[in-house]
Amino acid sequence: PRVCVVGSGPAGFYTAQHILKVPGGDLRLRGRAGTCPPREASLRCMALSRVCGGLEGSWPCSSVVGGLLGAAQTPQGHPGPLWALVDIYEKLPIPFGLVRFGVAPDHPEVKNVINTFTQTARLERCSYYGNVTVGRDVTVPELQQAYHAVVLSYGAEDNRVLGIPGENLPGVYSARAFVGWYNGLPENRDLKPDLSCETALILGHGNVALDIARILLSPLQLLRKTDITDSSLAALACSKVKRVWLVGRRGPLQVAFTIKELREMINLPGARAVLDPADFTGLESAVRDASRPRKRLTELMIKTALEKPVEMQAGAAAPREWGLKFQRSPQEVLPSADGKRARGIRMALTRLEGLGDSAKAIPTGDVEELECGLVLSSIGYRSLPLDPAVPFDSQHGVIPNSLGRVKGVPGLYCSGWVKRGPTGVIITTMNDSFDTAQSVLEDLQGGVLDTSPSREGFGLVESILRSRGVRPVSFSDWEKIDAAEVARGKAAGKPREKIVDPAEMLRIIGH
């Protein structure tokens with residue numbers, strides 16, 4: 001059977017990986033007559049060799065597969081091997097989605113998952129086609145004609161709006177656009193944010209908000225060692241921002257960021273934390289029954305606000321500072337006297353009703369104004385409809401589905417943020433994508449999808465793309481772009497220098 005995956009971010013690659021993976025029980029029978037077609041056995045050995053990097057000679061095969069492909073143990077009810085062929089489509093010439101364009105430049109360890117995705121893309125039964133916009137260059141119904149199953153894993157390409165006056169003033173940016181700017185997302189390469197003010201305000205208490213604050217306040221010598229784009233590094237070198245406030249509607253017990261990111265901010269060289277002790281009054285008792293991660297996170301905030309440990313006292317005279325503001329809801333971005341840019345923000349003070357994560361912020365009637373020349377909205381991402389033929393829940397920004405099966409459209413599936421909404425970390429997406437892939441495998445194996453008629457797969461899609469003047473980019477093409485980026489980065493003492501112009505990417509590969 002032929003399976004198509006739309007999107008090459010974590011959801012797309014994890015879905016493909018699970019569909020392509022080798023059940024361990026079948027592997028142990030490899031070589032016995034009738035257990036594996038000869039050509040497929042050969043492909044399987046080639047795939048394992050690539051994934052294991054030659055280690056299969058020193059480790060038991062089942063251990064290697066279990067550790068690197070997650071397939072040593074066949075899950076209960078897992079279908080037998082189907083030898084599915086998987087094609088991954090991506091609108092950009094380059095793969096990896098949010099791992100490349102969302103993960104902070106100073107978090108290279110998180111990007112190591114790209115190595116796993118690369119191993120998947122190099123498998124004999126997997127193909128990558130970049131520079132193809134599904135919904136424009138080829139429609140979803142056309143993909144359904146070419147494949148037995150189509151999985152939509154294209155993520156969240158938009159951001160939630162504030163819906164307040166002044167939101168569109170110069171100096172106001174979405175977190176998605178700002179992160180895309182310093183991470184080299186082509187659509188944001190010309191953002192040119194105005195960093196001439198001293199105070200920036202970030203709306204949101206999630207990890208993305210902390211990422212942005214850290215990038216704004218990090219010493220340049222730290223950023224120069226990362227894969228941050230050269231143009232954004234130059235802009236940050238001229239930045240006048242020395243104070244960052246992170247504002248949330250609810251309280252300390254409802255923040256969405258994690259302790260790792262908070263600790264990074266607290267220990268950021270040259271910047272001191274400014275937390276109001278009054279915000280944490282009485283929380284010691286309230287946090288006793290909280291989950292361990294929530295308890296540790298809250299205790300670190302309390303410690304930072306109240307105790308001022310020795311290692312932080314040294315930063316008391318730090319040239320830069322950041323702080324958390326709670327129970328404030330944005331009401332209006334205030335314009336400058338000439339109306340040409342943001343000068344501040346008006347916020348409603350709130351009180352909380354309810355407990356824990358379910359607590360709701362209710363305006364008290366009091367307001368507060370805060371001067372700031374840069375406003376960054378980090379209140380969440382949002383998926384968009386891809387094709388008129390695909391059902392879409394505009395209210396929740398997701399494709400209606402049951403265990404990844406798109407409701408009312410047999411053979412169509414979804415995974416990742418477009419399936420469940422833009423929440424969670426990469427491992428959340430991995431588990432979610434594995435669940436969808438499992439649904440695909442069950443339907444293929446159980447006869448829900450008729451696999452008897454042959455489907456042309458990319459053969460049909462290629463003719464459609466050719467008729468529309470579209471030239472796809474292969475994974476080997478991407479590896480040429482990758483090599484160029486690494487070479488440029490090496491010359492500058494960086495891991496890579498990202499190429500941000502798709503036209504330049506295509507020139508490198510001779511398109």
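Note: Cβ is positioned from N, Cα and C throughout, glycine not excepted.
Annotation source TrEMBL lists FAD binding site at Glu90, Leu98, Val134, Trp417, Gly424, Val425, Ile426. Secondary structure at Leu98 (FAD binding site), as computed by DSSP, is helix. For Leu98 (FAD binding site), the same-chain residues that are 6 or more apart in sequence and have a Cβ closer than 8 Å to its Cβ are Gly9, Pro10, Gly155.
Every protein chain shown contributes to the tally, and the Cβ of Arg249 (NADP(+) binding site) ends up with 23 other Cβ atoms within 10 Å. The NADP(+) binding site feature in TrEMBL is assigned to His205, Gly206, Asn207, Val208, Arg249, Arg250, Glu261, Gly424.
Under the heading domain 'FAD/NAD(P)-binding', TrEMBL lists 2-216.
Between the CA atoms of Arg249 (NADP(+) binding site) and Gly424 (FAD binding site) there is a gap of 20 Å, rounded to the nearest whole number. The binding residues for NADP(+) are recorded as His205, Gly206, Asn207, Val208, Arg249, Arg250, Glu261, Gly424; their greatest pairwise CA distance is 20 Å. In terms of local Cβ density within 10 Å, Trp417 ranks first among the binding-site residues Gly206, Trp417, Val425, Ile426. The secondary structure of Gly424 (FAD binding site), as reduced to three states from DSSP, is coil rather than helix or strand. In this structure the alpha carbons, written CA, of Gly206 (NADP(+) binding site) and Val134 (FAD binding site) are 31 Å apart. Annotation note: Val134 (FAD binding site) sits in a strand segment as assigned by DSSP. Considering only the residues assigned to FAD binding, Glu90, Leu98, Val134, Trp417, Gly424, Val425, Ile426, the longest pairwise Cα distance works out to 26 Å.
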